């Protein structure tokens, strides 16, 4: 029964009548039997017991699962038994590796050309800066919640602090977004391999490779090996991106840009066409400039999708209280710096009026890095382009691999919010190696949407629609997480916990100016969601688009919102989520030691430098 993992009885403690942390709290956990047995494997288990500490507990009357310090424990299953849950083996460098692998992909390497062509060089830089600020505001809010409750993933916080309907909706929509993103990235890599998008048989042949390899990597690698694999991929992607930046700088120095054209568009003036004409969509004037940048911000957010994977790894993190906030901060900072510097360098070499850049409503396009190499007319330019294409394929397919990981873990989490035994016992169960094979297999099914690219004429349009729906769906999730943090802060205040106190600062990640940062993230995401499809209405008004394509684009722009609302209403009024309740203690540094006793802390300068590089 694994009694040493369970509390010796339910304790109806009023939430935080006492606020104590440190050794006294650890002693209380030991006395209540919450610490694992010596030599027990650290697992995140799926059943629902009543294990909770006597101190440090926030309760939520509407929520649905009870979680203990060491993971979610079960009434009948020993947590050390084989095949009961996920392994907590991910260290900080594994977590950042998985997150970077999910972020650095076609968003910055390919779609950045579309943003430059739409808003100009300066507009593209502003778009990425604003998108970085919005995403960072969301991530710092989630980082504080995950440091306080380091148990599950994205769905936990709206589930616990708002209600089970919103929590289930966040989980379902995020799973859908990552599952469809898997299909779009597979097709993107296949199109780069095929070279000619008008030959569907080539696209199908190249799509078959990741459709076979990606599920095998997720299913049979094990979480420790998978984390090491993603860490290697992270550095390969960073080196590849820095190599492209250096190449573009060399091209600027070699071929020269006589006039940088640092105007309202920050655009090179090597073309006779006035660059400011290309800065606007709806015509000249400040309104056109604003709308161009607004649309570019929505596109830039797609490049940042994946930063939230840090929170998804909570369920398998070895020391979540210590590592997850630091990983969140590091991923946001480094991604923002890499993106802004890359866009700045590319904007100096590729004109926004270049005919090779992807138009907003077009179906073809090239990476701005490839355009820069083509424009340089180098003697070995074709070989360089092949090398860049190989890197783009690696970036697309490894990002798809990470999407399958994030979606399967989110589905695994959702299954434990369900009262349906079959769902919990199959989709919510891991094998003896700690891998949720059922969740991976179920998530893999939507990747077959990649075969829609074989439809003559409209296949790539369908894939483009799914790509847009992914971005908007993730924005809906971001907005829900910001709202969950606002409710979280209110709950903290209601339980007389001082966020400004020394104990809270010492044990948890805390960002000042809250909840204003969360409100900023909530309002920004909401505005981006509801005004992301304005250009389609402009095209319809000016009759620049066919009715069928306009309808398809509108589905892509607002389909994610529609799915979010429909799933929420179904959970609220039809499915009636289970009315169990969360009742679990806040995490602390001692929580990390309970998960993995004897975790080493790097103290020497050399070890600190090594830890920073990882």
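Glycine residues also receive a Cβ, built from the backbone N, Cα and C atoms like all the rest.
Looking at 235-252, 253-270, 271-288, the stretch flagged in TrEMBL as transmembrane segment turns out to be 235-252. Feature annotation (TrEMBL): of 331-350, 351-370, 371-390, 391-410, the stretch labelled transmembrane segment is 331-350. Taking TrEMBL as the reference, the stretch among 418-436, 437-455, 494-512 described by the feature transmembrane segment is residues 437-455. Count of Cβ pairs under 8 Å against the transmembrane segment (172-192): among 125-152, 290-311, 516-538, the largest is for 290-311. By the Cβ criterion (under 8 Å, sequence separation of 6 or more), the transmembrane segment (125-152) is in contact with the transmembrane segment (290-311), since 3+ such pairs are found. Highlighted: of the candidate stretches 235-252, 290-311, 331-350, 461-486, 516-538, 290-311 has the greatest count of Cβ pairs under 8 Å to the transmembrane segment (98-119). Here the transmembrane segment (516-538) has long-range neighbours at 134, 137-138, 140-141, 281-282, 291, 294-295, 297-298, 301, 360-361, 468, 471-472, 475-476, 478-479, 482-483, 485-486, 489, 545, 550, 553-554, 557-558, 560-561, meaning same-chain residues at least 6 beyond its ends whose C-beta is under 8 angstroms from one of its own. Contact between the transmembrane segment (331-350) and the transmembrane segment (290-311) is present: at least three CB pairs lie under 8 Å, with pairs separated by 6 or more positions in sequence.
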